[in-house]
Amino acid sequence: MVKGKVTKPVKKATKSKQSAAMISKVKDDFVMTLDSDGEDLEEESADEKEEVEEKPVKLTKKQKKQKLSEADEELLEREKQAAKAGINPDFQFSLDGFAATSEGLDGWNFEVSKDDNKVQKREVDLDSIIKRKGGLLDEDEDEDEAETDVKMEENEDDLAIDGFGGGVQPGKDMDEPEDEDEENKEEVENEEEEDSDGSDSEAEECMHPDDLVLDDHKGPAIDEGPQDTAEEMAAFYAPEEENNDKTESVHKTFQTLNLSRPVMKGISALGYQAPTPIQSRTIPIALMGKDLVAGAVTGSGKTAAYIIPVLERLLYKSSKVAATKVVVLTPTRELSIQVADVGKKLAQYVSGVRFGLAVGGLNLRVQEQELKTRPEVVIATPGRFIDHVRNSPSFNVDDVEILVIDEADRMLEEGFQQELTEILTLLPKKRQTLLFSATMNSSISSLIQLSLSRPVRVMINPPKQAASGLVQEFVRIRKRDHLKPALLASILKKMDKEQRTIIFVARKETAHRLRIMLGLLGVRIGELHGALSQEQRLQSITAFKKLEVPILVCTDLASRGLDIPKIECVVNYDMPQTHAVYLHRVGRTARAGREGRSITLVGEAAADRAIVREAIKSVSESKQGKAVGRNVDWPEVEKLYSKIEEKGDIVNEILAEEKEEKAMLQAEMEVRKGENLLKYEKEIASRPRRTWFQNAQEKKADETSDKRNLLASNKDKMKKKKDNEEVRMYKKTKTDRKEASKRGKPKGKGKRK
């Protein structure tokens, strides 16, 4: 008994020593204040007592109620502190008072981060070659007086362009200059009725005499094949009665769309006040999970119309397993990069949503590493997407729930048919499909291959219509095709250097030659076409967006989807093939309610005049925008032409020097490639061989057929389509042949001889 009494205090003493050692360790880790030392000692002594007498404490009902009331008081105290800090716990998101577009948003980001391209390819510096040959010297600075005279005359020569970057004073009434222009137009018409080059009159009154012959047949550019019948549309599309509540309701604010708060904050960050008509109609339908075929004019907010419902639906996904839920397909790399930037800005407050990019021309390995993480949204071009699905480890599309096809009519063209068919076989059949385009005029027969399930058809604006703020100017070239480069230089010299201008040409060789020629004349200009590397293309767009280069000459690569802010003018150096392509080109300006103008150089081909006639008809029917003729000072153009002819040899020298430098860079790259093959032979040999759904011969055959179809007339295309749609002739089976032999008839076709 005595031993037991002696041992108990010893255990208590050792326990207290251990607790004291722990307390001293805590004191060493934390710096105590003078006021807190005493409090800590009292708490430590209390803790020691609790350790000695460790007994479970049961709370009575009264104590439980008292504890709950203390929690409520603590919650009220927190709310009071939040109110003092200026935070309202009952806050409801409101977008009232925001501008339609944020002034702080300077367009979308096209710059490629350094991590995406660790190995920077050396490119030929064309500007340095042009400078060595005496170009890019800003000849316009020596001709300031001449330019001021030209600008004074521009108000007389160009009809109805005041207010579109043509010298309107801030605060001046926009209606007054238009009335003055109408009066000036009538005066010029009366004075110059017999002018062979045309006068400053409405383009409808400046038609060529041969146009009257073409009124009966609109020409190949307008012939778009048979239209879908009412029965076919009723059988394919969802009935309108099912969606009247969703499609006909007008949402004046985003609040009425019942979007979540993180999505609303992203919308606010971009400065949107109210949904556009296409957004108001399509967002509710997309949130219902229905398939959608939507069309609206360029610059109407179609990208946000499908990004917003996608983000809203991704908020309710399971966050336990990473999986790709959404795939967005676009026809061009630049459009994919722009869509990714729009999505990231809208999703900046949405947690757990990542965007992946899979486009050609950029670092393949970096994209593979990004897709290994299985981002929720993948934005891609068709070819690179198929490449990653087949060859990138840990990336699959088994969980894809939404497929978005931007610029769907372009994707349904023959150039993308093989890739699109392959992608549809890779994706799950149970999915939602959203189609968006500015000219959604594809027939039902082409939409059937997408496996749409009773899609809802939403067409906001009438087809074949340009933006309401666009002034379309037309210049008749007649038999002066050789003066087109000089005419273009004359037009550009009258432009303000602080305004962005896009020039569309038919061929990349023409774009490159125009850049050199205009550079020799002292015009700062960039180029954008398929012959450039992806880095060069993105650099051109970024320089154009930052106004480092105010003029961009490009092919139809840039005619779809690109939203570069404040493009004042579009010049059609070469006429497009169809009116739909024309609408996509001129849609680069006058976007999102802004104003702009287009200048089109019209040749004598029947297809060219048919497109002009269709544009004028659209303006007269919609009573929006203007279509006018533009006067040209041809003597001045001829002077510029002689100047350009003198520099023809220099242009050829620059092209030859550029070709030599490219050959040198290519040789250096081949040497480095050979060195790497020798140095990393085992690593390269151990990599799995990449596969493709087409071999090189099949791909080349498809490209050849695409070129033939592009050059073929619409009549030949319709004949080929009709032949393909014909019912296949019945073919005899083995059973039929046996029965025929029993009846005494010989095998095969034909009568017995």
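Positions of Cβ are set from backbone N, Cα and C atoms, glycine also.
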Quick one: sort out which of 318-321, 406-409, 690-693 is the motif 'DEAD box' according to Swiss-Prot.
406-409
Please identify the range among 1-20, 101-120, 241-260 that Swiss-Prot labels region 'Disordered'.
1-20
Across the motif 'Q motif' (252-280), average pLDDT on the 0 to 100 scale:
92
Helix, strand and coil counts within the motif 'Q motif' (252-280) (DSSP):
17 helix, 0 strand, 12 coil
